[in-house]
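**Student:** Among the features that TrEMBL reports, active site, nucleophile is placed at Ser55. Taken from TrEMBL, the feature active site applies to His280. Look at TrEMBL and you will find Cys71-Cys95, Cys147-Cys160, Cys213-Cys261 tagged as disulfide bond. According to TrEMBL, the domain 'SGNH hydrolase-type esterase' annotation covers 51-276. According to TrEMBL, the signal peptide annotation covers 1-20.
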Amino acid sequence: MRSWATRGLMAAAVVPVLLAAGCTTAEKDGDDSPDASANRQPIEAGDRYVALGDSYTSAPGVGTTTGPAGCLRTDGNYPTLLAGALDLELTDVSCGGAKTDDMTKPQVVGSETVPAQVDAVTEDTDLVTLSIGANNGSVYGNLVVSCARLATTNPTGAPCSDLAQKNPDVLPQVFDGVEAGIVETVGAILDRAPHARVVIVGYPQIIPAQGTCALLPLAEGDYAFGRGVLQEFVEAQAEAAEKAGAEYVDVWAASEGHDICGQEPWVAGFRPAEAGTAYHPYAEEQAAVADLLESTVSGP
């Protein structure tokens, strides 16, 4: 269980924007959570694999763009790498900007509307990976853009954290909604593919535990705030996986030392040093996630 010991600190990334997003808590009552725990057969060549997720799955800038242009999905992402390594039949419907609601409802992407991502799951699906949550309440975008903007007038303070403490219940509602949304999505997956193996993929470390750097232009005092916000998303993902009986791949632990400010970053800062998009994964991160998934799904 998340303790919310730092609830006041992590209340919102940029409060006015978050409040405008209309954050709500979506907890379910009763004991009707889905259970994917029985579906742990090793994944084999020829199995059908469906990838669901946001831009940390679609991996903009890491390869050639495929699918709807607004989804920023590339063929260098971890679903493509995993499918190639295990010779799987891949359907990748990950889409930049996706929230948990977009797993079960259509998503508007620019001038296009793409179907609910779970619609790609069919009865013969053997493996589903899901990575989602940080776009709920527009939190991630606000953190790396709006909080950075606040830093220009108070670079040594903690302007984002200070503003957040005025609305201490906003982010807890977002995190609860992420957890509930993932559990709901796993249920929708199992309704369509009762025997599918379901793996929740966590987010990597983006903000360092110590120090600051020019590629991540937050105010000095907001580094701990931002890292705490992102860690709560990861904990919400892990708890949702446990509640739904799904497997969980801990990318946070695997990416230690590879944050934006690290010597070998897996995530681009505001000015990418190689192929990629600002504040999104590099190819190295996608390859690492593919390796973690391969190790996970190749066995029971």
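Positions of Cβ are set from backbone N, Cα and C atoms, glycine also.
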**Student:** For the domain 'SGNH hydrolase-type esterase' (51-276), report the average pLDDT of the model, please.
**Tutor:** 97
**Student:** Can you tell which of the recorded positions Ser55, Cys95, Cys160 lies nearest to Cys213 (disulfide bond) in space, using Cα positions?
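**Tutor:** Comparing Cα positions, the closest of these recorded positions turns out to be Cys160.
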**Student:** When neighbour density is defined as the number of other C-beta atoms within 10 angstroms of a residue's C-beta, which of the disulfide-bonded residues Cys71, Cys95, Cys160, Cys213, Cys261 has the lowest density?
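**Tutor:** Sparsest of the disulfide-bonded residues Cys71, Cys95, Cys160, Cys213, Cys261 by Cβ contacts within 10 Å: Cys213.
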**Student:** Taking Cα atoms as reference points, which of the recorded positions Ser55, Cys71, Cys95, Cys147, Cys261 is nearest to His280 (active site)?
**Tutor:** Ser55
**Student:** Can you count the other CB atoms that lie within 10 A of the CB of the residue listed as 'active site'?
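**Tutor:** Taking all protein chains shown, the residue listed as 'active site' has 22 Cβ neighbours within 10 Å.
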**Student:** Compared by Cα position, which of the recorded positions Ser55, Cys71, Cys95, Cys261 is the closest one to Cys160 (disulfide bond)?
**Tutor:** Cys261
**Student:** Determine, using Cα-Cα distances only, which of these recorded positions is closest to Cys261 (disulfide bond): Ser55, Cys71, Cys95, Cys147.
**Tutor:** Cys147
**Student:** Between the Cα atoms of Cys71 (disulfide bond) and Cys147 (disulfide bond), find the distance and write it as a whole number of Å.
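**Tutor:** On Cα coordinates alone, these residues lie 25 Å apart.
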**Student:** What's the number of neighbouring CB atoms sitting within 10 A of the CB on the residue listed as 'active site, nucleophile'?
**Tutor:** 25
**Student:** Once the chains shown are all counted, how many other Cβ atoms turn up within 10 Å of the Cβ of Cys147 (disulfide bond)?
**Tutor:** 24
